[in-house]
Amino acid sequence: MSASRTVICLLRNDLRLHDNEVFHWAQRNADHIIPLYCFDPCHYQGTYHFNFPKTGPFRLRFLLDSVKDLRATLKKRGSTLLVRQGKPEDVVSDLIQQLGSVTAVAFHEEVASEEKSVEKKLKDICCQNKVKVQTFWGSTLYHRDDLPFSHIRGLPDIYTQFRKVVEGQGRVRPVLSTPEQVKSLPLGLEEGTIPTFEGLGQTEPVEDCRSAFPCRGGETEALARLKHYFWDTNAVATYKETRNGMIGVDYSTKFSPWLALGCISPRYIYEQIKKYEAERTANQSTYWVIFELLWRDYFKFVGLKYGNRIFHMNGLQDKHVSWKTDMTLFNAWKEGRTGVPFVDANMRELALTGFMSNRGRQNVASFLTKDLGLDWRLGAEWFEYLLVDHDVCSNYGNWLYSAGIGNDPRENRKFNMIKQGLDYDNNGDYVRQWVPELQGIKGGDVHTPWTLSNSALSRAQVSLNETYPSPVIIAPEWSRHINNKSSGPSAKGRKGSSYTPRQHKDRGIDFYFSKNKGF
């Protein structure tokens, strides 16, 4: 009788059972499967340049949720998730030695250098032990091997060119089936305890009732979110009109945190979009979800093409900019006390919830890099620390873009904080939600408290430099929009902060490019 074959399925940013090629392959090539997740100590150290905590409280909570959920899912199917604290290469080496029956280690490949370094060490360990290594690509909508370029070096440096080629010549692979039963673990393995916040050097975050992302991690929650957004509410059918909102849960899909940890497959989202279009409606909004998934793909492939250059100060273009590292200015930015309410509201939302809208991200990034002239890597590493949906390629790709040293076809793009605030929070509801010391200022005036008379400030119980700071900077272009503020319910004749002005509805994925010159 032949010896049993055991496959270790090392899970990282692929915490799901559906459309997971690692499980799919292992089911066909093993007698026993060990699903394994390692809490790698490298993820709980400081960021590279500025030593912020690498994994903040919101993402850690989401990760712990996701690990617990995957363990529960596997238990229903005759398996469980092995959890260990330690470097993946050490844990895998120990399991190979302990069991003596491991024939293969399977995992999804990643893009960035730290993850690639782990993969190399795993391959070395397996080679020493004569264990097969089976790797897969599964984090993008379009498979790396299916791109219509002869080599990744042929990837266009402008998103629109990439999108047109891929949409015209590419294909999305079908979703893989989800196993009803997962092959059992070999005998004698302890599943391991899931660590606590304290054990990983973090404090559990406090819930904030204002959060636009009050959701929990895990595949179960991810699939429920898609069902809610597509099938239960039809919110996807108006996504293009609402996606620039800032208040509430349903102005956008909110898939990004689950995508970042692989709790939901981009191919599954695509499949469900196509099903929705066939059964209900196909319009610009349903297409726009795919459009945004393609942006996520693009940044992954840019990471493959450029490697560590996505982390370099001079960016993809090797462009020399005299960035400052004024920590007083940076601290004002990160703590939401720049004196520019639209910036401060967004930064406080991030600090208190781990989430910020796409509209907010592009504005605070532009403010840091273009108005304050601070090193973009300060912003990128702060986002890496706090964002619940941090994805290394998307985060660093977006910051390079915003800093003007990435994949932006236009030179010197700069957002006008006052115009943006009035366009996307025209009545000031969002600012008042997150900057409560300005609640007494009505309408759009809340975006520019420094322009108000002393009597108006007094009536609003605002004292500049005492209850709220004066602006750390005033850009000259802001003055063009200071007299355009709304003091009534809404300058555009609609209520609420999620209303997208008509002139903005046909924009691209706002952070990246626009047909219009006016920001």
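Using the three backbone atoms N, Cα and C, a Cβ is placed for every residue, glycine included.
Automatic prediction, not curation, is the source of TrEMBL annotations.
Within 10 Å of the C-beta atom of Y239 (FAD binding site) sit 22 other C-beta atoms, taking all shown protein chains into account. Feature annotation from TrEMBL assigns FAD binding site to Y239, 252-256, 292-299, 389-391.
As a summary of secondary structure, the domain 'Photolyase/cryptochrome alpha/beta' (5-141) carries 60 helix, 32 strand, 45 coil according to DSSP. Taken from TrEMBL, the feature domain 'Photolyase/cryptochrome alpha/beta' applies to 5-141.
The region 'Disordered' annotation in TrEMBL covers 479-519.
Counting every protein chain shown, the Cβ of W323 (site 'Electron transfer via tryptophanyl radical') has 17 other Cβ atoms within 10 Å. Marked as site 'Electron transfer via tryptophanyl radical' by TrEMBL: W323 (among others).
Marked as site 'Electron transfer via tryptophanyl radical' by TrEMBL: W376 (among others). Taking a C-beta cut-off of under 8 Å and a sequence gap of six or more, W376 (site 'Electron transfer via tryptophanyl radical') has these contacts in its own chain: M313, W323, A365, L368, T369, W399, L400, S402, A403, I405.
The annotation site 'Electron transfer via tryptophanyl radical' is assigned in TrEMBL to W399 (among others).
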